[in-house]
Amino acid sequence: MRELDEKIPMKYGLVGQETCGLGGFFYGLRSIKGLLEIVSYVDHYAPDAWLLNYTNPETLVSEAVRRAFPDVKMLNACDMTISIEETIATNYGYDRKNWIPMYYGLNHFGWYTSIYDKSVDRDVLPEILERLENERLHVADFNAGDDTWQEAWDMMRLMTKNFPGYLPNNYLEYYLYPNRTAEHTDPSYTRANIVMDGREKQTKEMARKVREQEKGEILDFNFGEHGNYIMDMAASILNDNHDRFMLIVPNKGAIPNLRDDAMVEVPAYVGRTGAEPISLRFAINDFHKGLMEAQNAAEKLLVDAYFEHSYQKALQAFTLNQTVYSADPAKQILDDFIKANGDYWPELN
């Protein structure tokens, strides 16, 4: 289905991406049903258990869970900020374990405002931004050698050049430059095809070796900090460590000039009682606020569409999505995806 998520919007000249744009909306409507079923089981059989949610697209599914199970114990996390920090630290000679970053946004839709480095006792974000002007970022995590990720880091440099002062989440390229990303993507061979021909085949080959009990090095996936991130979160709950993570949480004033019920991504300390989000204590600028409010409204309309089985709300969400230039392709793509997703989607009337 991911292949269709990407290729159907591209048929109309729009961004085709797994978690962003309309592809992310298609994926979200499919994911909500399955995750709510899992949460219902945990809520019924183990109400004191903690759920650690790594599900994409994170903001959509966490919004749905917030509405359906407001009292469930769940932490919503995404490792994209880890990838950004790891890539920059490796390229420019820092140790990200010394960093205390400040960041705000929605999932895959945010900005760093500072990165305090304990080893040098200062904010190193200004010098990182200065180096980005002159030095290319190279893929530095388990995606090394992946040309599509290299293009993503190159786009981050463009974003910091056009909109200086902040370090953006690299996924913002799909919203700030949708025409550029659509034009530079092969509509017949998208990221889904790359994954199927690469990581998926590799995983299936490893599974075959395990089944057939082959000898030698078999499990050769190394996800580094990405894999450790969720385990560190579990340990912080278990041991009441109050370690710091980037989490998706109900805003409730963390970003003071954004609606309280928005699901936002901000730093939070995690202990036995859950997440304690950090308040920014400053109003975010109008440019970021406007982008976030439009994206958040579109996401909330889509979750409305799921619970209300509303075609109208879905169409509003698709039209408001910032990768879409007109209601005409929004409606055409929505209709195409109702057919393509079948029973994976709720019935929309």
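Backbone N, Cα and C atoms are what each Cβ position is placed from, and that goes for glycine too.
Curation does not apply to TrEMBL; its annotations are automatic.
As annotated by TrEMBL, active site, proton donor applies to ASP79. Summarising the annotation, TrEMBL assigns active site, proton acceptor to TYR171. Per TrEMBL, substrate binding site is recorded for ARG2, ASN56, ARG191. Among the features that TrEMBL reports, Mn(2+) binding site is placed at CYS78, HIS108. TrEMBL lists 103-324 with the feature domain 'Glycosyl hydrolase family 4 C-terminal'. Taken from TrEMBL, the feature site 'Increases basicity of active site Tyr' covers GLU18.
Features per TrEMBL, on structure.
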residue	record	DSSP (3 states)
ARG2	substrate binding site	helix
GLU18	site 'Increases basicity of active site Tyr'	coil
ASN56	substrate binding site	coil
CYS78	Mn(2+) binding site	coil
HIS108	Mn(2+) binding site	coil
TYR171	active site, proton acceptor	helix
ARG191	substrate binding site	helix
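Other residues of the chain with a Cβ within 8 Å of the Cβ centroid of ARG2, ASN56, ARG191, the substrate site, are ASP5, GLU6, GLN17, GLU18, THR19, GLY23, TYR27, ALA192, VAL195. Of all the recorded positions listed here (CYS78, HIS108, TYR171), TYR171 has the Cα closest to the Cα of ARG191 (substrate binding site). Per Cα geometry, ARG2 is the residue among the recorded positions ARG2, ASP79, HIS108, TYR171 nearest to GLU18 (site 'Increases basicity of active site Tyr'). HIS108 (Mn(2+) binding site) sits 6 Å from TYR171 (active site, proton acceptor), taking the Cα positions as reference.
Largest Cα-Cα distance over the residues recorded as binding substrate, namely ARG2, ASN56, ARG191, equals 16 Å. By a simple count of nearby Cβ atoms, those within 10 Å, the most crowded of the recorded positions GLU18, ASN56, ASP79, TYR171, ARG191 is TYR171. For the domain 'Glycosyl hydrolase family 4 C-terminal' (103-324), the model's pLDDT averages out at 92.
For the binding-site residues ARG2, HIS108, counting C-beta atoms within 10 A of each C-beta gives the highest total at HIS108. Counting only the Cα atoms, the space from the residue listed as 'active site, proton acceptor' to CYS78 (Mn(2+) binding site) is about 13 angstrom.
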